[in-house]
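A.B. asks: From TrEMBL, for reference:
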{"type": "ACT_SITE", "residues": "Tyr239", "note": "active site"}
{"type": "ACT_SITE", "residues": "His247", "note": "active site"}
{"type": "ACT_SITE", "residues": "Lys278", "note": "active site"}
{"type": "COMPBIAS", "residues": "1-19", "note": "compositional bias 'Basic and acidic residues'"}
{"type": "DOMAIN", "residues": "29-96", "note": "domain 'TSEN34 N-terminal'"}
{"type": "DOMAIN", "residues": "210-291", "note": "domain 'tRNA intron endonuclease catalytic'"}
{"type": "REGION", "residues": "1-21", "note": "region 'Disordered'"}
Amino acid sequence: MDSPEPKTTKTVSREDVSKESMANSRQVIGINFCGSTPLMWRADELKSARELGIIGTMVGSLARQPRQNTRMGRPLELLPEEGRLLADMGRAAVIPDSTNEDPEVNPEQVEQYHAGLENSFQEQGALALEDRKTTLRRVMTEKHNEGSGRQEDSDGAVRDRLEALDHGFSFPRTAMAVQLCTARAGLSHCPEVHRFLAADWPIPPDERSETRFRVFRDLRRQGFYLTSAGKFGGDFLVYPGDPLRFHAHFIAVCVSMDESMPLCDVLAIARLGSNVKKTVLLCSSGESQEDDGGEVVYTSLQWSGMV
């Protein structure tokens, strides 16, 4: 008799994840980390996560349209609750980041890098000067065509202005365009910050994160889809189906059973929910925090006006 599938998070390589997913009918989803933020990169894993009701947020740029933020691409950033739910389901595997080790500084590469920056600065300065001269010639020509001055006077004025531009033009270093070689730049936190962020995953929960996760898991078990509700002043936006097809019906605000809320905060979130045509849910986990199947209590708020 086969042993039950383990529900603990494990650290494997990308190749191991691929082999395991091929050998298993239930695909293991690989999760990378940027600091403490879980990310997903592979398109097939994004599709598998979507089928499990894991929505996340696209935070990458599109290769052919990098200078816009209307449509985003991979990676997919997960909520901590989404990553933890995948781990509890036995569907998540952490992909270790081999670039986290601090590379040794090569003085020769540093010298080449600074030399390249200086060459780039000189080239950009020459191009900026030439562009300024072209603009000056065009403006002076337009003024000559509009006026009635002699050609000789106009040519002399242009020469004088161009000579003054050669001697007085200065290209500031702050205006220099710099190419970021992200493949080798080692863009990461400093060693102290990296050691601080290099905690075990899932991150050890506190009371608030535990309440958020229990609420997230309970709503997912009921078939709802959830995304972040930061811009609505809550914890989760709750959808009756896939967010690509439905609008959110609820704003979930997670509070502990014994937590008190100021009346002004209750009125503010209820009024906000009414303005965006959503019902506010105050969600609290049951008293039995040790019980994995503890009940979640929901209280709905709707703004009906002042009495």
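The backbone N, Cα and C atoms fix where each Cβ goes, glycine too.
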A.B. asks: Neighbour count, 10 Å Cβ-Cβ cut-off, for His247 (active site): what number do you get?
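C.D. replies: There are 12 of them.
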A.B. asks: Across the whole of the domain 'tRNA intron endonuclease catalytic' (210-291), what does the mean pLDDT come to? Round it, please.
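C.D. replies: Mean pLDDT across the domain 'tRNA intron endonuclease catalytic' (210-291) comes out at 89.
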A.B. asks: Which numbers of helix, strand and coil residues does DSSP report for the domain 'TSEN34 N-terminal' (29-96)?
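C.D. replies: So the domain 'TSEN34 N-terminal' (29-96) is made up of 18 helix, 22 strand, 28 coil.
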A.B. asks: Count up the helix, strand and coil residues in the domain 'tRNA intron endonuclease catalytic' (210-291) according to DSSP, in that order.
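C.D. replies: Its residues divide into 28 helix, 20 strand, 34 coil.
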A.B. asks: Taking the Cβ of Tyr239 (active site) as reference, which residues of that chain separated by at least 6 in sequence fall under 8 Å from it?
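C.D. replies: The list for Tyr239 (active site) reads Phe224, Tyr225, Leu226, Thr227, Phe246, His247, Ala248, His249, given in order along the sequence.
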A.B. asks: Starting from the Cβ of Lys278 (active site), draw a 10 Å sphere and report how many other Cβ atoms land inside it.
C.D. replies: 20
